[in-house]
Amino acid sequence: MAGEAQADCLFCKIIAGEVPATVVRETDTTYAFRDINPQAPTHVLVIPKVHYADAATLAAAEPQITADLLREAGEVAAEEKLESYRLVFNTGSGAGQTVFHAHAHILGGRGMQWPPG
Ligand code: 5GP
Ligand code: ZN
């Protein structure tokens, strides 16, 4: 069913505690943990506890949880004392998405270029 945990999903396994992660925040609907391969001094992923393949699919099905996710991204940035940060939703393999469970990347602690690569 829509939103249910997927047995073959890495991020569902992290939520279930089956794969270890360095958790920075948790709410009823979201989970935030450090990226295993950080691309900036601060690199945290915020994910919904429900499984949807990407941010747009999540937003279509669960607008409140999508709002929770964005608010949590702001809370993480505040806790990490990031004055500036980049919030990224890679969507589709051509854009670099490798894990098909919606997630926001919070990147900060260094200068950022635009346009991104
Ligand atoms: P994507 O490429 O889909 O936008 O982002 C997936 C992110 O998950 C990557 O930045 C990658 O480093 C991170 N990642 C992959 N496997 C693991 C893992 O086992 N633990 C953690 N904490 N992050 C992971
Ligand atoms: Zn999942």
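Just so it is clear, glycine is given a Cβ too, placed from its N, Cα and C backbone atoms.
Nobody curates TrEMBL annotations by hand; they come from automatic prediction.
Note on TrEMBL: of 36-40, 61-65, 101-105, the range annotated with the feature motif 'Histidine triad motif' is 101-105. Counting residues per DSSP class in helix, strand and coil order gives 0 helix, 2 strand, 3 coil for the motif 'Histidine triad motif' (101-105).
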